[in-house]
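S.K.: Okay, here's the structure, questions in a sec.
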Amino acid sequence: MKVTNASLLALLLPAVSGRFVETGEPDRSILYPDGLPQPTETGEKYHIELSPGDTRWVTEDEKWELRRSGKRFFDITDHPDLGALRAMTASRKKSVFPEKPKYQKELKPFLAELSKTEMEDHLTTFTSFHTRYYKSDYGRQSSEWLLKQVRDTIEKAGADKHVRAEHFKHPWGQNSIIATIPGKTNATVVIGAHQDSINLWLPSVLAAPGADDDGSGTVTILEAFRVILQSEDIVKGNHENTLEFHWYSAEEGGLLGSQAIFSSYEKEGRDVKAMLQQDMTGFITRTLDAGKPESVGVIVDFVDPNLTQFIKVVIDEYCSIPYVETKCGYACSDHASASKAGYPSAFVIESAFEYSDNHIHSTEDLIKYLSFDHMLQHARMTLAFGYELAFTDFAALEKPDHSDSL
């Protein structure tokens, strides 16, 4: 049976005057004191890609129906040509990465500075927004709050003369955020997470705290960003490669924010050496309930195999839990936009995909289900990944006779 937003709203009217809060969770205030917003059904169509070459036109309601059924996709309406420049290029350099980590001594004091408290404090506020749906005013407000946290982090580190953070603007209201730590070259290493959340039943009305998806990834990379700025060499730009931390808008709508960014990078000819996505980093209950050891999930489909291998050796070196290989399908998070644009990308999630958080996209995606100890493991990996690749001499690695590369 097809269920429209209008019929759902009628069913839920008696409930929406209540509060979508749990005991012990942050107060999200009375919902819509000026009256319940009406969902709009304009009949506008969106062009989506469910797999390479498999495209169709759908309404917004149909987008959410697909998402509720577990389907992921690119919404290519605004960026139908993402990757076209790559396709026109006759040859492309093979991605190469260090065979093993080499900055253990330098990283040791910084790894000790990673803080569960910092992540929890940020996530508590971040989930207090009624929703972070990218078309909502709450989504705009949460993005502005997040940019302030990133800028405050830069200022507290005394790095504001060298490091900058800006909105990457979008027409739907919630902007993406890019923090840039310039290196000696314009070769760039990107670390990303998505800042938006969604309730797939009535995105513009129902609460979507999004603690795990992807509040957890958002604060994980923010904590890695905070600590990496404690490195004087990093702040002063003594590292080889520029580091960027991205917080994408509108991932839930079909990777919209990341597509806009990587489409821009592709057209500008930006040299992105690696992109790592952190989407959902805090839920381990189903893994443990299944009798499996706590681990991080390394995605192995639709990713760059050489970058993924490098991430495995980073986890082995810097994390105290193992990794498991797992798959998530086509267009399952923002790394897919980087990959489509021709850049080596990878994705690490909280567990094997089949044991990932089953509370997402609902009012129940709450902090109480998350493990900050587990998120700390993701932060360790993220910090080490960023630091190791910041100092990597890619020009030397890419020489045909170089032996210290994957």
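Glycine is treated like the rest: Cβ placed from N, Cα and C.
Grabbed the feature section from Swiss-Prot, which reads as follows:
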BINDING   H194, D213, D279  Zn(2+) 1 binding site
BINDING   D213, E252, H361  Zn(2+) 2 binding site
DISULFID  C328-C332  disulfide bond
CARBOHYD  N186  N-linked glycosylation site
CARBOHYD  N306  N-linked glycosylation site
SIGNAL    1-18  signal peptide
S.K.: Quick one: pull the CA-CA distance for C328 (disulfide bond) versus D279 (Zn(2+) 1 binding site), whole Å only.
M.R.: 12
S.K.: Near H194 (Zn(2+) 1 binding site), which of the recorded positions N186, E252, N306, C332, H361 can be found within 10 Å, Cα to Cα?
M.R.: E252
S.K.: Which one is it, among the binding-site residues D213, E252, D279, that lies nearest to N186 (N-linked glycosylation site) by Cα separation?
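M.R.: Of the binding-site residues D213, E252, D279, D279 has its Cα closest to that of N186 (N-linked glycosylation site).
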S.K.: Where does N186 (N-linked glycosylation site) sit in DSSP terms: helix, strand, or coil?
M.R.: strand
S.K.: Cα distance, D213 (Zn(2+) 1 binding site) to N306 (N-linked glycosylation site), nearest Å?
M.R.: 27
S.K.: Sequence gap of 6 or more, Cβ distance under 8 Å: name the residues on the same chain that satisfy this around D279 (Zn(2+) 1 binding site), in order along the sequence.
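M.R.: Those within reach of D279 (Zn(2+) 1 binding site), by Cβ under 8 Å and sequence separation of 6 or more, are A193, H194, D213, D214, G217, E251, S333, D334, F347, I349.
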S.K.: I want the residues beyond D213, E252, H361 whose C-beta is within 8 angstroms of the mean position of the Zn(2+) 2 site's C-beta atoms, in chain order.
M.R.: R67, D196, S197, I198, L200, A208, G210, D214, E251, I360, D365
S.K.: Cα distance, C332 (disulfide bond) to H361 (Zn(2+) 2 binding site), nearest Å?
M.R.: 14
S.K.: E252 (Zn(2+) 2 binding site) to C332 (disulfide bond): how many Å between their Cα atoms?
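M.R.: Between the alpha carbons of E252 (Zn(2+) 2 binding site) and C332 (disulfide bond) there are 10 Å.
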S.K.: If H, G and I count as helix, E and B as strand, and all else as coil, what does DSSP give for H194 (Zn(2+) 1 binding site)?
M.R.: strand
S.K.: Sort out the sequence-distant neighbours of C332 (disulfide bond) for me: same chain, 6+ apart, CB within less than 8 Å of its CB, listed by position.
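M.R.: Spatial neighbours, sequence-distant, of C332 (disulfide bond): R72, I299, F302, F347.
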S.K.: Where's the emptiest Cβ shell within 10 Å among the binding-site residues H194, H361?
M.R.: H361
S.K.: Measure the Cβ-based neighbour count of D213 (Zn(2+) 1 binding site), defined as the other Cβ atoms within 10 Å of its Cβ.
M.R.: 27
